[in-house]
Amino acid sequence: KVDYDVCSNYGNWLYSAGIGNDPRDNRKFNMIKQGLDYDGNGDYVRLWVPELQGIKGADTHTPWALSSAALSQAGVTLGETYPWPVVTAPEWSRHIHQRPGGSPHPRGRRGPAQAPAQHKDRGIDFYFSRKKDA
């Protein structure tokens, strides 16, 4: 089944890009939370991102946060078979090690959940603000 509403989809894409209309100040779209809420088992991601087929469950939403052993077992090499994230927003951190429904991952912290070195000090605001002094 294909669900398509032109106005709703364009509005959602604008909102996701940080330029949509929202009366609340400093509101950001949290991709990790949305993935956990609406694709808790990662099935949709695995359907469209075959490079992540070997990663089980909700871990498909944050493959960069997995241990090197888990990535190796899944056949994923960050930077080669799957890209590093361009940016990781600070707001994502509280969702990175959670399972659907908000409970923490049973194994706890599983590896580095950080952006590549050149981006680690920049929140997502850097990329959506007009000032680039940071």
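A Cβ is built for glycine as well, from the same backbone N, Cα and C atoms used for every other residue.
For reference, TrEMBL has these:
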type: BINDING; residues: D3, Y4, D5; note: FAD binding site
type: COMPBIAS; residues: 118-134; note: compositional bias 'Basic and acidic residues'
type: DOMAIN; residues: 2-97; note: domain 'Cryptochrome/DNA photolyase FAD-binding'
type: REGION; residues: 93-134; note: region 'Disordered'
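Cβ neighbour count for Y4 (FAD binding site) (all protein chains, 10 Å cutoff from its Cβ): 6.
The number of other Cβ atoms within 10 Å of the Cβ belonging to D5 (FAD binding site), over all protein chains shown, comes to 9.
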